[in-house]
Structure formats: C-alpha cells, structure tokens
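Positions annotated as Mg(2+) 4 binding site by TrEMBL: B:Asp32, B:Ser46, B:Asp77. The Mg(2+) 3 binding site annotation in TrEMBL covers B:Asp32, B:Asp77, B:Asp212. Per TrEMBL, the feature Mg(2+) 1 binding site maps to B:Thr47, B:Asp48, B:Asp125. The Mg(2+) 2 binding site annotation in TrEMBL covers B:Asp48, B:Asp77. Residues annotated as substrate binding site in TrEMBL: B:His55, B:Asp265, B:Trp308. Per TrEMBL, ATP binding site is recorded for B:Gly124, B:Asp125, B:Arg150, B:Ser214. Taken from TrEMBL, the feature Mg(2+) 5 binding site applies to B:Asp215. Here TrEMBL flags B:30-140 as domain 'PurM-like N-terminal'. The annotation domain 'PurM-like C-terminal' is assigned in TrEMBL to B:154-294.
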Protein chains: 2
Amino acid sequence: MSIARTGEFGLIERVVARLGTGPATIIGPGDDAAVVIASDGRVVASTDVLVEGRHFRRDWAEAEDIGRRAAAANLADIAAMGATATALLVGLCAPPDLDVAWAEQLSDGLATEAALVGASVVGGDMTASPTLTIAVTALGDLHGLPPVLRSGAQVGDVVALAGRVGFAAAGYTVLSRGFRTPKILVEAYRRPVVPYALGPAAGRAGATSMIDVSDGLIADLGHIAHASKVGVNLHRSAFKVPEQMRDAALALGVDPYQWLLAGGDDHALAATFPADVPLPEGWQVIGEVIEGSTVTLDNRPWYGPKGWDHFRA
Amino acid sequence: MSIARTGEFGLIERVVARLGTGPATIIGPGDDAAVVIASDGRVVASTDVLVEGRHFRRDWAEAEDIGRRAAAANLADIAAMGATATALLVGLCAPPDLDVAWAEQLSDGLATEAALVGASVVGGDMTASPTLTIAVTALGDLHGLPPVLRSGAQVGDVVALAGRVGFAAAGYTVLSRGFRTPKILVEAYRRPVVPYALGPAAGRAGATSMIDVSDGLIADLGHIAHASKVGVNLHRSAFKVPEQMRDAALALGVDPYQWLLAGGDDHALAATFPADVPLPEGWQVIGEVIEGSTVTLDNRPWYGPKGWDHFRA
C-alpha cells in the first residue's frame, strides 16, 4: 500500500504506533511539539539531512538500515560533544508512491538505533516530495559536564580514535563497483557501529576537543586543527589495514589508506587528550597535536583526498 | 555565484557569518552540535519540512520571505505548547546551481523571524538535492509552566482564537490564479504574522488545550476534539469576512468561509479556556467545547473542505 492511500495522518498514526518511549520523553509524538528532559538546564542539538541517491540508495540497503544510519549520523554528533542523546525528531519527505511498509521499517530503524543510547523518536513531520529525504534532529544531555568542542586542542595533546574508520567507505566502493562482498565492509556501510558511550567517557576523562568522523579522518581532524589553531600529526603505524579491507583494496585497485584516512560514514569519534591523562577504554592514540595548521601523516603532507564536500562530490 | 562553486563549507561559512546569537545560545553553529539553555530542565522541540512546489514557490516569494515562513511554521508550534522559542536548526537541501545569494537571504529570513521571539539559528546541515527542501527544528523553553497539550479541552470550555485565519489561504488562491493583488492577502501568504507571545500568555492564563492552526481551523480543532474526546462548536458570527477578502472571494468565485475555516498557513493559535477565566488580551471567543467528537458550525456539520493532507492535496 502506498502512502498516498494512507494519507499523511494515517501514515503518522501507523509510524507512531511502532515507536517506543525513552526515559527522557515527557511528551512524545502527537502534539504540536515534544517535551524532553534536559536535566542540567542545557540541551545539545544537531541536525543532519540524508538525500536519496547522495546519502543512501534503496537498492543498496533495507529501509531499516537506512533508518539506523540516519539516526547514527545524528546520535554520533551528540556523542562527539560528550553528551548522551535523549531524543530524535524526524522529517520524512517521500514520493506518494512510497510503500507504507518502507516508511514503517525506516521508522523501526531510527527507533532501534536511538534505543541503543536510551533515546527515542519524539516527533517529526511527513510530507510529499519527488526526492526521498530524511531530516533528523537529535537532542542530548550533558549531565552537568562541559561540552567538548572542536576548539580546545592544545599543542602536546595526544590525538585518539574510538571506533573504526574506512569500513563504510570501503563498503561504499564495493557496492558502487557492483559487488556485494566482503560482507563486513558492505554491512559497515549499511549500518555503522558507533561507539556512542565513548563520547561522554572522553568528556569525563578530560578530552580537550572531539569530533565525529563523518567527512573523513583527515578532513575532520582538519576541522579540529582549524578551530583550535593547531596542527595534527598522525602516525601511519597506528592504522592497521584489516585483512578483508586489504584484499578488497587489492582487488579494486584502491589504496586502503584512502578509505582509512578520507572515508566518512563510520562515525568513529576522534578526540584530543592531555598527554598525561589515561585514555578511557576503547580509545587509542593515533597521533599528536603540534604547532601548525594542517593535518600531516608521519610529519608529511597528505596528498590523497581529504574527505567529502556535499555540493562537490 | 552558485553554491556548487562555494562548496558546502564555503556556503556554511557565509551563512553562519550572517547569523546573530540569541540569549539562550551557549554554543552556536560550527561544532558537531549546538548547546542551548533549557532553563527549567525541559526542552520543547518540533520539526517541520518545507518542500519546493508544495510549500513554497520561488516565483511567488522572495528567499527572505520563504525563510521567515519556514521559521514561523516551527516557532508557532513552540508557541502552541505555551513555550517561548530559543533556537532553530536548519537543514537545507539545495540544487547545486542555487544562487548563493538566495541561500543567504533564506538564512536572513530564518534569523529575522527567530529574532522576533528572541531565538536564533544555532546549527544545521547543508547538502545537495534535486529538490529544494528546508527542514527546520525549533527548540523552546516553558519557563516552568506545564505544556499546553491538545488533549486537555473540557466540555464547557470556551474555544478562542489568537491571530488571523484565512488570509494566507486567500493569498495562495490569488497567486495560484495568476494575480498579485490584493496585497494584504498575498503578503499574508508570503509572510505570516504569528501571535507568538499569545501562546505563553494562554498557558499562564490556564488554557486547557492549544494548537497552531496550520492545517485549517476545522481540521486543527478536530485534532483537539480527537485528543480531548470532546466536540467543538464554532459560531459563524465570530468570523467576520474582511472587506478585501470578501471582494477577492467574489471576484474568484470562492466561499470566503472556506479560507477562514479550512485555510492553513496563517499560523494563528486556537485554544480552549475554562469558561470563567478572563481571556488574555488578543484572544477572542469563537465557540465552545461540547460533548461529541466533531467540529460543528452553529451546531451543524461543516461540509466544506476541512484542511490539508500533505500526501493527498
């Protein structure tokens, strides 16, 4: 059945019926607005939009995986501030011939990913559009901690990474060449595995800056370098190319370091810590903060692609 | 200059440079997420998406007006909870050939409308899309008041309206027939005049339910009737047809009550109050809450269009 048949309100009713309610929800879907707990008198908020053909393809992933990825992109931004996500709001623009089941599964994916951090979908909007578009806003709670910004990195800090990089980019390349394996790469593209809890853990441990790796590690550390007015030097030896990634790179004729250093979409977290701070479990050192303004690899410039620009790529 | 030439980050930099900072902003645009004051430990949040060709037309309105209208749709939802808006997040999906100046003026419009209530644009996302789409999320602060829901109307309450209805719908009809006057109607469509402060005023006065009139008065009061398990009876005599609307209706062969009772987009506020409560200034009685489950006009069913369904209209 198409959403043109259920209509806007019928579709909203069906989708809302499938959503759970998180502990931070005071008023959930169905009113003019939601009301969500912001326990320390501040709320963290971020918006990301996914457009069909650019951020996802319906023939490459199930609706539920697309929902999980749309949620992950936003939940990772909240984690990168050192906060815990509490709620998602979802704007869905869909062609009227979209199957209702697809919209329901998308919504299931959004709710499932949100539930990983104790958040839930508290509201949204649905409208017809020729271009399938998913706009997600995530809200989060710092629980009294200061937010970890991009601008706090200090010369002498260590640069650390939590979560994996390069997997989603490798999966994207595999899919775009018409393959469906290696499964570990394709699955990583379809459904990122984000170390959400390691964001607040970094904040508690005293991280001086943090970012969600969505544009690519070099590009995103470049954002930290720019905001903090420092340079970043990465150690190539800190990046092991996993066996399946190496095999795929060889088969496809790609330098796997392009996936590792310039691939987005895994939503790893990158942060800087004072050199004398013990890193929280799950974080590993990949470089150091130096004087300068660029990101280097073993003290040399990186000439590969840096990452992703949405109007140019 | 097109946004394909400035690129995503260039465009974001240009737009952010034009934004002001509201008093509730702790961390504004430029990091992974914004941080906004939520003074009483709760945040009100709502998302609305506007799609070109469906919610706006670039040949019918300037970019700044489209920005104001996109902001108004969300800010009105916050007001309808009895809250004061603090922040907007904006997702812009735009064709790469979009002129940078258009995006800047859109952003000016969003910021100008937000500033009317002391809010500001604190974050967002930009991406390429074949369909120009504006996804806005508004955040708000209840300042210790309980939220005013759709579900609290009681039999015996009065039904009251703040702000104007029918003007935007009349302006839309005028424009869709190829006319550009009467100016008051066309301007109302381009730039709604929303009584934002009357939302919190209604909450303080003890309103039992409230809604933002965006689908049409009959449809939106139907949402209150449904959520509150009551009926609503409106008094036709409470709705005066303004002279210019009457003239336009006559010229276009439209029943002006269709604009008044089924037209959305003015973002008036409708609320119910206990019969013994003095209404705050700016609110006027238009009917009463009765037993039942539908919305009637002088105790008779309304056979005209009720309002707007975004997948069917």
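Just so you know, the numbers here start at 1 and follow the chain as drawn.
In case you wondered, yes, glycine gets a Cβ from its N, Cα and C as well.
Where TrEMBL records a feature, it is marked here on the structure.
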residue	record	DSSP (3 states)
B:Asp32	Mg(2+) 4 binding site	coil
B:Ser46	Mg(2+) 4 binding site	strand
B:His55	substrate binding site	coil
B:Asp77	Mg(2+) 4 binding site	helix
B:Asp125	Mg(2+) 1 binding site	strand
B:Arg150	ATP binding site	coil
B:Ser214	ATP binding site	coil
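B:His55 (substrate binding site) has B:Asp215 as its nearest neighbour among the binding-site residues B:Asp77, B:Gly124, B:Arg150, B:Asp215, going by CA to CA distance. In sequence order, the binding-site residues near chain A (CB to CB under 8 A) are B:Asp32, out of B:Asp32, B:Ser214, B:Asp215. Closest in space to B:Thr47 (Mg(2+) 1 binding site), of the binding-site residues given as B:Asp32, B:Asp77, B:Asp212, is B:Asp77, taking the CA atom of each residue. Within 10 Å of B:Asp48 (Mg(2+) 1 binding site), as judged by C-alpha distances, the binding-site residues found are B:Asp77; the full candidate list was B:Asp32, B:Asp77, B:Ser214, B:Asp265. Listed in sequence order, the binding-site residues from B:Ser46, B:Asp77, B:Gly124, B:Arg150 having a Cα within 10 Å of the Cα of B:Asp265 (substrate binding site) amount to none. Taking Cα separation as the measure, B:Asp77 (Mg(2+) 4 binding site) is nearest to B:Ser214 of the binding-site residues B:Asp125, B:Ser214, B:Asp215. Across the fold, the C-alpha of B:Ser46 (Mg(2+) 4 binding site) and the C-alpha of B:Ser214 (ATP binding site) stand 14 Å from each other.
The binding-site residues recorded for this entry are B:Asp32, B:Asp125, B:Asp212, and the Cα of B:Asp212 lies nearest to that of B:Arg150 (ATP binding site). The shortest Cα-Cα distance between B:Asp212 (Mg(2+) 3 binding site) and any of the binding-site residues B:Asp32, B:Gly124, B:Asp125 is the one to B:Gly124. Each of the binding-site residues B:Ser46, B:Thr47, B:Ser214 was assessed for Cβ neighbours inside 10 Å, and the highest tally belongs to B:Ser46. Counting only same-chain residues six or more apart in sequence, none has a Cβ lying under 8 angstroms from the Cβ of B:Asp32 (Mg(2+) 4 binding site). In sequence order, B:Val90, B:Gly91, B:Leu92 are the residues of the chain that are 6 or more apart from B:Asp125 (Mg(2+) 1 binding site) and have a CB within less than 8 Å of its CB. In this structure, the C-alpha atom of B:Gly124 (ATP binding site) lies 26 angstrom from that of B:Asp215 (Mg(2+) 5 binding site). Shown are the binding-site residues B:His55, B:Arg150; the one with the most C-beta atoms within 10 angstroms of its own C-beta is B:Arg150. Of all the Cβ atoms in the protein chains shown, 26 others lie within 10 Å of the Cβ of B:Asp48 (Mg(2+) 1 binding site). The local packing around B:Asp265 (substrate binding site), expressed as other Cβ atoms within 10 Å of its Cβ over all shown chains, amounts to 24.
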